[in-house]
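Engineer: Annotation comment: TrEMBL describes 32-316 as domain 'ABC transmembrane type-1'. Per TrEMBL, the feature domain 'ABC transporter' maps to 374-610. Marked as transmembrane segment by TrEMBL: 29-53, 65-84, 144-165, 171-190, 266-284.
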Amino acid sequence: MRKSRGSPDISAARLALRALHQLHARQRVFLALAAVAMLTSAFLTAIVPVVLGQLVNKVVAQPHVIHRALLTGLITVAAVLLITQLLQVIRRQLVEAVSTAFERDTRELAYKHVLHQDLSYVQQGKIGGIYGRINRGIEGSTRLLKLSFMDFLPTGALALAAVAISFSRNVSVALVMACVIPTGLLLVQWQIRSQAGIRVKVRNHKEEIDGQVVELLPALETVRAYNAQDYFSARVATSAGELRGAEMRHHRAMAWFDAAKYANEALWYVLVLSFAIGLVTVGKMGPGEVLAYALLFNNIIAPLRDLHRMLDEVSESAQQARDLANLLDRPQDVSFSVSNRPARAVVRETAREPVPVGAGMRASNAGAFRDEVVRVSNVMFSYPGSDGGRVLDGVSLSVGSGERVGLAGPSGCGKSTLLKIIDRLQHGYVGDIELFGMPLSSYSRAELARRVGYVSQRYFLYRGTIYDNIVFGLEDEVIPAQVEDAARRANVHDVIKNLSDGYQTLVHERGDSLSGGQAQRICLARALLRRPDLLLLDEPTSALDNESQRAVQRAIEELDGITIIEVAHRLDTLRSADRICVLEDGRLAEQGTYDELASSDGVFARLLRSSHDEDLHG
């Protein structure tokens with residue numbers, strides 16, 4: 001299935017055409033066959049009133065042949081109805097085969113597209129709202145396709161066939177009968193336009209409720225600990241009440257529109273019968289024609305009545321499909337736009353340039369020649385909507401091969417942001433960044449995943465085995481020995497082996513069956529399994545207890561041959577770092593070894609004293 005373009009104002013017809021365009025060739029053939037069955041069925045259904053009308057005329061004109069005429073006519077009607085039902089079964093089977101395949105392909109496309117979205121889109125939106133929009137969009141798109149070929153087009157074809165046959169028999173009666181169509185369509189158009197705003201409100205209220213529920217489920221422990229069940233229930237109840245109010249306004253309006261539509265149909269039905277009976281009384285039409293036109297009128301208003309319902313459903317489905325189309329038209333993250341290529345890069349041997357000295361700046365004496373892995377030059381970054389406040393303001397630094405560099409500084413000074421920028425998880429920065437001697441922008445997402453390992457403070461484990469959680473995302477085949485080696489390097493192998501099923505132990509959703517230290521070390525093993533050239537650690541021990549922190553930190557310190565940049569909240573964890581870079585107000589304030597910075601009177605020493613005071617009073 002191919003991803004298509006669109007706009008916020010896509011009509012239902014264009015959405016249906018987009019769906020057809022996205023189908024495979026075999027599925028289009030199925031729909032073409034369904035269309036043939038639909039047209040044939042519509043024509044045969046419209047023929048039945050004519051056959052019955054001719055039968056009545058023959059019985060009235062020739063009473064002596066009533067038995068033979070009835071037998072022949074009824075056999076003909078029965079045969080036509082049987083063929084019609086068989087064609088409808090074939091049509092439904094073909095359409096269901098296409099729609100289920102379309103739903104599968106659309107679901108795969110939608111979730112794949114979300115996984116390739118810029119992280120800011122997901123982080124700034126409500127997860128539950130996005131999830132609900134995707135699901136309703138998939139359902140709406142599929143229902144739009146089914147409505148087109150199961151209801152909308154078949155009923156339209158039946159109405160057109162009935163009108164065509166009516167005009168072929170008597171133009172004047174057909175003209176009167178056809179007037180029910182435009183008046184009915186005008187009512188439907190009025191109905192759809194008047195209810196469009198309410199539909200949007202209903203959809204938004206549902207997204208709001210979805211977002212609140214999904215937001216609460218992972219936090220049930222906290223909600224219960226603070227006895228806040230009633231508070232959050234009241235929030236959901238408020239949204240549910242607003243949803244009910246919007247739905248009731250919609251249902252009241254629909255009741256009046258339905259009454260108006262039935263009144264319109266009844267008016268034209270009486271006029272058609274009156275006109276036809278008048279023609280019979282003057283001898284211009286046989287009595288059987290009255291029956292034929294009465295049945296043909298029903299063939300028009302029955303689909304027209306369904307058309308009212310279908311247009312209503314089409315309007316709702318189109319709104320949902322439009323939301324999904326707008327999501328699919330969002331550009332993917334720029335790191336996926338670079339074509340995948342072999343992970344080759346020129347690593348140049350160069351002297352690390354000293355960091356520009358500013359107010360409070362202390363340069364390290366560690367200026368040995370190294371192969372440069374990371375070079376950050378005058379990087380500036382601001383989050384959208386931050387009123388121009390810079391998170392990073394002219395940061396420059398370089399990291400050599402095999403070097404372990406710590407990033408320290410007050411909260412909000414840009415430490416984690418810098419790591420995310422280096423791994424292309426955050427975009428929109430100004431300045432130059434080189435990775436392994438090449439511009440960061442030249443690296444594809446796949447190549448970065450091969451060469452750069454990333455462990456965040458919020459560990460991610462999904463429901464599956466520990467083995468699956470370590471190898472997930474790897475395209476290359478791995479053997480258990482490689483997984484165990486990565487776990488040993490992460491200092492978690494013995495812990496895993498002592499579990500009931502070892503590496504096949506099932507992990508609960510979000511890793512709730514493991515301690516924080518165990519889960520974080522499994523995430524570290526996941527990164528090490530890829531044998532990265534550069535390992536980025538974003539406060540991996542900040543949320544852990546002391547014992548778990550020591551276990552994770554010991555695993556990090558025992559890593560050899562890997563270039564590491566580590567953001568640390570607990571400054572003592574950086575004692576063994578080759579160099580510490582201290583950020584303040586988005587700028588690189590000082591750098592040096594742990595002992596150099598601790599003995600000075602700079603930002604790091606101040607932070608260190610503050611953390612020691614907290615430990616003493618904690």
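For all residues, glycine too, the Cβ spot is worked out from N, Cα and C.
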Engineer: May I ask which of the stretches 29-53, 171-190, 266-284 has the most CB pairs under 8 A with the transmembrane segment (144-165)?
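Structural biologist: The stretch I would name here is 29-53.
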Engineer: Would you mind listing the long-range same-chain contacts of the transmembrane segment (29-53), meaning Cβ under 8 Å and 6+ residues beyond its ends?
Structural biologist: 20, 23, 73, 76-77, 80-81, 83-84, 87-88, 90-91, 94-95, 97-98, 149, 153-154, 157-158, 160-162, 164-165, 169, 286, 288-296, 299
Engineer: Can you give the mean pLDDT for the domain 'ABC transporter' (374-610), rounded to a whole number?
Structural biologist: 86
